[in-house]
């Protein structure tokens, strides 16, 4: 299975890079992982709604360029569905069983995802009603993908 994580912005913090590297290494046993970072647009202070939408559209166009036609796209969105880790593993397994060998997870920037990206998504997922820094969220997503594969393989993993 091929897993892509397409995210706005670059990781600068060493501790986050180390965590991403660790989960990437762990996941190599289960899938081919591709992490893609697209450029984040600078948001001016006191940006209008129109300016924010323009920024989201620019970031969205960069994201869409990296989504393959055959990808099952999971957009991480505050308005998405909240599910358990077991349900998440079932979602990944269902992709595999229905012939979707490529899953693209999409993480927006500080303003979220554009309507075009949300429209392309096959599934909208929310981890919480809380807002997280998108850099930290990559680690959280990788941990849950790793946990999902452990669940699917019937392997133990701490709770």
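Just so you know, glycine gets a Cβ as well, placed from its N, Cα and C.
The feature S-adenosyl-L-methionine binding site is assigned by Swiss-Prot to 76, 108, 127, 128, 129, 130, 131, 132. Cβ neighbours within 10 Å of residue 128 (S-adenosyl-L-methionine binding site), excluding its own Cβ and spanning all shown chains: 10.
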Max pairwise CA distance, angstrom, over record-listed S-adenosyl-L-methionine binders 76, 108, 127, 128, 129, 130, 131, 132: 15
